[in-house]
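Read through the structure below, which is laid out as structure tokens, and then see the notes.
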Amino acid sequence: FALAHMVNDFDIMKSYLDEGANGIETDITFSPEGEPESAFHGVPCDCKRWCDRTVSFDSYLQKTSDLSTPGHPDYRENLLIIILDLKLNGLSQDALANGGRRLADKLAAHFWTGGRRDQRATFVVSVPQTSQKVFMKTFREEMEAIGMGDMNAKVGFDFTDNGDVSVTKAVYDELGITEHIWASDGITNCVALLFRGTSRLEELIQKRDEGESTYISKVYAWTYDKETSVVLALELGVDGVMTNYADFVISILNKPEHSSKYRLATYEDDPFERFKAV
């Protein structure tokens with residue numbers, strides 16, 4: 001997966017999809033009560049990026065619904081995965097719980113109500129810290145409560161705190177989440193990968209490849225903009241690279257030394273199916 005980073009308005013969304021990105025990551029802000037409000041990152045953000053792009057969350061969901069619906073004039077077949085980077089830090093536990101319910105309500109309203117089941121997008125609900133696990137809990141409960149339990153097939157989960165892998169697994173076990181888990185490791189593009197290292201990324205890949213006992217479906221690295229970093233990630237066996245330059249990552253993927261091993265994912269590929277690094 002070539003995952004376009006910080007896709008917070010429609011102009012940049014079109015640009016990245018034109019480049020060939022098959023996934024987008026969007027920053028979602030919340031009110032103090034836990035209501036999803038807008039796609040917005042703000043400063044600071046990645047180097048060489050405009051931090052203040054924004055649209056309302058409802059507008060964002062309507063647009064991505066149109067883009068992922070076959071037969072719609074705006075349909076883009078390469079939009080496969082939408083990572084919702086949820087800006088939850090500072091919210092109370094009550095607000096987090098409300099936020100999980102409200103996100104489920106809004107996804108259902110824009111994508112799946114009224115018998116609509118043909119949208120092709122898959123979501124990753126990306127929570128900053130394991131201490132905010134109640135958000136995932138209430139999201140899943142609300143999906144069942146509103147009769148959308150079958151649509152959990154289109155939803156995955158991710159914690160982005162670069163935390164201890166065993167602690168993260170314990171939290172997923174507590175929540176009863178045993179599949180559809182995307183695991184990530186990374187750092188802003190303003191800091192060289194040299195300073196971050198890849199030891200945790202390698203640990204995630206190893207855990208993914210352990211067999212039926214593993215809890216990880218996919219592993220992605222962020223935010224990789226340099227060729228050396230992208231090549232290293234591919235050599236390690238990641239499932240996705242989040243980047244500010246989707247066309248650049250795709251061009252590396254298409255080089256002969258990589259295309260024999262990798263290809264860009266399509267709709268026929270299950271975003272939650274586990275593939276081992278070879």
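From the backbone N, Cα and C atoms, a Cβ is placed for every residue, glycine too.
Listed features, source Swiss-Prot:
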- H5: active site (ACT_SITE)
- H41: active site, nucleophile (ACT_SITE)
- E25, D27, D85: Mg(2+) binding site (BINDING)
- C45-C51: disulfide bond (DISULFID)
- C47-C190: disulfide bond (DISULFID)
Structural state of D27 (Mg(2+) binding site), classified by DSSP into three states: strand
Cα-Cα distance linking the residue listed as 'active site, nucleophile' and C51 (disulfide bond), given in Å to the nearest integer: 6
Residues near C45 (disulfide bond) in space but at least six apart in sequence (CB under 8 A): M6, C51
Residue from H41, C47, C190 whose C-alpha is spatially nearest that of D85 (Mg(2+) binding site), among the recorded positions: H41
Among C51, C190, which are disulfide-bonded residues, the residue with the most C-beta atoms within 10 angstroms of its C-beta: C51
C47 (disulfide bond) and the residue listed as 'active site', Cα-Cα, nearest whole angstrom: 12
Check: same-chain CB within 8 A of Mg(2+) site center, minus E25, D27, D85: H5, M6, V7, N8, T26, I28, H41, I83, L84, L86, S126
Spatial separation of E25 (Mg(2+) binding site) from C47 (disulfide bond) - C-alpha basis, Å: 16
When distances run from the Cα of the residue listed as 'active site, nucleophile' to each of the recorded positions E25, D27, C190, the nearest one: D27
